[in-house]
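Quick notes on the structure that follows.
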Amino acid sequence: MSSASLKPMPRPGILDIAAYVPGKEHAPGVARVFKLSSNETPLGPSPKALDAFKQSAGHLEIYPDGQAKLLREAIADVHGLNAANIICGNGSDELLGLLCHVYLGPGDEGIITEHGFLVYKIQIMACGATPVVAKENDCRVDVDAILAAVTDKTKIVFIANPGNPTGTYVPASEIRRLHAALPPHVILVLDGAYAEYVRRNDYEAGIELVSTSRNVVMTRTFSKAYGLAALRIGWAYGPAEIIDALNRIRGPFNLNAPAISAGAAAMRDQDFIRQAVDHNTHWIERLSEAFTQLGLKVTPSVANFVLIHFPDTDGKRAADADDFLTSRGYVLRAVRSYGFDNALRMSVGSEEANLGVIDALTTFMGRS
Ligand SMILES: *Cc1c(COP(=O)(O)O)cnc(C)c1O
């Protein structure tokens, strides 16, 4: 044996990865905590999804359907897609990982954007490939910066649209311009984790583009508007060749049976999603307005969270606000690891939580 070592050694690059740190959930010493740090919906899941979940509890000894047919058909029906072009995952995180494992190896490059979702970088590095960062322009994905970052080693481009933690979006015309200029062997991944929330005429989640090209994949999740984060359900829509490759390496039973049942019921209850989106649209506007009036800068958001930028003044910085809010039970997300040293991300919560944060920040900013 050459290269002997006295202990098992991870492949090169693995120990360079900084593990993902989820949003905090606790406020020590506070009785009532409002978790606004992980973009979870305040409305929970559809009652129909909950019923389906409970039903499935009667059959836990049976393996789930490895094809997740019930769920893929529900998604296909509601979105008008071919179920054969859909793959489901244990959260969309799993699908982002599978895409990297199928298309990236050492020496390859994956493009991510300046404030992009951290899971992309982790999964690119997990494959021994190199993450290449394209600058954003005032918290917006910059298509020209992405194109300038393309080399002959580029294999994949990840864009969250809307972006997390920025909440901004890339108009459909810009996505199309990017796609048209990418080499045909480069996969463009459009992560639409927050697509349900967007109400803009010039936005598309990517269904059209996937349907008319061979190198675009759209990923979606049940963790946000559908309120099923605990069950871990994601899906991707893509060209047959890509879906086929992903299916070859996924776990044979990657979705559990309660997730398949509850996910299908949730997808078919679009009335519930409309209510969730209405709640969100109302509060995104109200929160953005209230924080702006306090003198805080808010990045315009089309998702279910707002990025709040704090003054660079002693006692008024994001870290100070974080402490102040946490001591009152309002748990927001620090976003330093996303390149924002002086901002917090707040998920839209219940009316009570939202009014509570407005009230607390009013006090924090010395306006009351
Ligand atoms: C929340 C989120 C996801 C969803 O991840 P799941 O694994 O499906 O829970 C994906 N992408 C982005 C950008 C997100 O913010």
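Using the three backbone atoms N, Cα and C, a Cβ is placed for every residue, glycine included.
If you check TrEMBL, you get these features:
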DOMAIN    33-357  domain 'Aminotransferase class I/classII large'
MOD_RES   Lys224  N6-(pyridoxal phosphate)lysine
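DSSP gives the residue listed as 'N6-(pyridoxal phosphate)lysine' a coil state; it is part of no helix or strand. Listed in sequence order, Asn39, Glu40, Thr41, Ala193, Tyr194, Glu196, Tyr197, Asn304 are the same-chain residues at least 6 apart in sequence whose CB falls under 8 Å from the CB of Lys224 (N6-(pyridoxal phosphate)lysine).
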